[in-house]
């Protein structure tokens, strides 16, 4: 008895998921089937019109495969996929081109199997392309196609749909030679019906966000058309004969592509469609990106683009094996299912059953769908794209971008769709080069004065290097270096040579992702400039590949000292500092006793001897620790001889600074009365002097003037350090 409530609860939960999903699958399935039939009419028209029933079967089979595989594999559980207008419109171009290229002796069956071979190859290529993009996780590369170029593609697709819609509604191709035929009473009336419904759908879609607005409008249109036939006493046969309804044909059976017909395929003509095939593959990848992004925004759920690409690629590979039409996730169907409450995989999978039912038993229902209404669906989609990219874009895009959209569309309309795609991709490459060249190759510009090395320096040396540090010009580079960016680097260096000529130019490659041969040529020219102006080029943080490229072109050579290479920026700066120090005569190359060092550092030299009386001398060996992070700051240390390094408290133990003779240690924590935040470790045998807190307090009481002189010394040392840090931060923020 205790299990009954749990069983009934489980059943009720299943029904709560199954019933909405079943209703949604019914709506989405019927709408999807209607659109699929209208899409496939773009392919099976003209010489292939008799094979339309077979084309419809292929479209429904393709929808079943896409909905099943993508619905199961997608990162979003409510994803709905199907064939789409864009691939079908381009396949329609291919079908027309194939029909024109077939030999005079070929039969209609030869044309059919050749077109089917093209469809299958397109699906295979598209599937492989999408799967590889997702497998290698490079789907994000699609985002690098400029937005106006994508807009031009979609506007061109809109024109193709408008062009195809007119032919579906009237069975007359839209071109200049047939314009007079379109204005005959029957085709004109068919066009008026389709155009009127398309405009109504366009207005409804722009003003209503209700999920069922479009489906209800289509059902109402079919009802009104049936009522019109009834009122005019037009029979079904008469409506078919007049071109209002779909007619049957000798090839009207539901049949699929027969593998035994492979020998009838004209392979040369199929391969001649490589441009359209590649276009469908690229535009399918763009559509997956755009549709996934739109679904993300609507559902507020993250979608894994690479997973979607692999799922869509897998589905298309299977479609290619069975002669199906390429497809991908559909934005409108997925959002419709989401708004109707179906947010699991059931809706998509149940719609597969509906497609199968239509495929097996539903051919007789196709006569209920008027051709002008089928065409109006295509016209609605085409006008939606043209409205978005010719009207709405005028108010949202910069005028230069809008002009590019119109230009690409113009090329597609006047010259050809494939030529327009090629033109658009060419423009995309040019725009990418132009836009990328606008990005500064220089991430930061520094000098040795505000970016010293961590090498141990005496206070005297540190001050000298701050004075002479402008001899070191540091450029931190970033991104990929090619001719445009490398040329900008050359111009920056030339400008610096005209202002304050440096003796050392350091090029830090830490953030450089790569360089091409044109950039290497620019570095060859830079080496020539270095020879003319007598400065040294210092390369730091070079990758193995970049170093090999520079060595192969003779830029890095052991035969000259014009170019130096160091593993990191700090080592490069240290080498430059050493060259500066060696070039400047110094009276005191050896470390002096602390008393003599303080003579030149104290504002009152008479106080030096009295100050030293309060100090404790420490003779330390290499490796000894002065203090750890967290230790009480109970003393200040002055370095007479040797070197002490400050380390961060992180697990990696990063070197913060190395200090030499004449420097202070621990003064900040000492005066702030806070624990030490770093570790201080002696690097070599050193002599230090320690001023304890108690000794400092006694000095303030017994020798206040001496204490003031020492505090002035501390303030000056700290101010020097803060000034250097401030200058470095300022340069980094430029």
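Cβ coordinates are placed from backbone N, Cα and C, and glycine is handled just like the others.
Annotations in TrEMBL come from automatic prediction, not curation.
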TrEMBL annotation (transmembrane segment) - matching range among 211-231, 232-252:
211-231
Under TrEMBL, the annotation transmembrane segment belongs to which of these stretches: 83-104, 259-280, 281-302, 369-390?
369-390
Looking at 186-204, 452-470, I want to know which stretch TrEMBL calls transmembrane segment.
186-204
Select the range from 51-72, 211-231, 317-338, 345-363, 402-434 that forms the most Cβ-Cβ pairs under 8 Å with the transmembrane segment (111-133).
317-338
By a Cβ-Cβ criterion of under 8 Å, what residues six or more beyond either terminus of the transmembrane segment (317-338) are in contact with it?
24, 27-28, 31-32, 40, 43, 58-59, 61-63, 65-66, 69-70, 74, 76, 78-84, 87-88, 91, 116, 119-128, 130-131, 211, 256-257, 280, 284, 287-288, 290-292, 294-295, 298-299, 308, 347-348
Same-chain residues near the transmembrane segment (369-390), Cβ under 8 Å, at least 6 residues beyond its ends:
34-35, 37-39, 41-42, 85, 151-152, 154-155, 157-171, 190-191, 193-195, 197-199, 201-202, 205, 218, 221-222, 225, 239, 243-246, 405-406, 409
Spell out yes or no: are there three or more C-beta pairs under 8 angstroms between the transmembrane segment (145-166) and the transmembrane segment (211-231), with each pair 6 or more apart in sequence?
no
Could you check whether the transmembrane segment (21-45) packs against the transmembrane segment (345-363) - three or more CB pairs closer than 8 Å, residues at least 6 apart in sequence?
yes
Using a Cβ cut-off under 8 Å, which residues of the same chain at least 6 positions beyond either end of the transmembrane segment (51-72) come close to it?
32-33, 36-37, 39-41, 43-45, 79-83, 108, 112, 116, 119, 246, 248-249, 251-257, 308, 311-312, 314-315, 318-319, 322-329, 345, 348-349, 351-352, 355-356, 358-359, 363, 366
Quick one: DSSP breakdown of the domain 'Cyclic nucleotide-binding' (604-699) into helix, strand and coil?
21 helix, 37 strand, 38 coil
Summarise the model's confidence over the domain 'Cyclic nucleotide-binding' (604-699) as a mean pLDDT value.
88
Counting only pairs at least 6 apart in sequence, do the transmembrane segment (211-231) and the transmembrane segment (186-204) share 3+ Cβ pairs under 8 Å?
yes
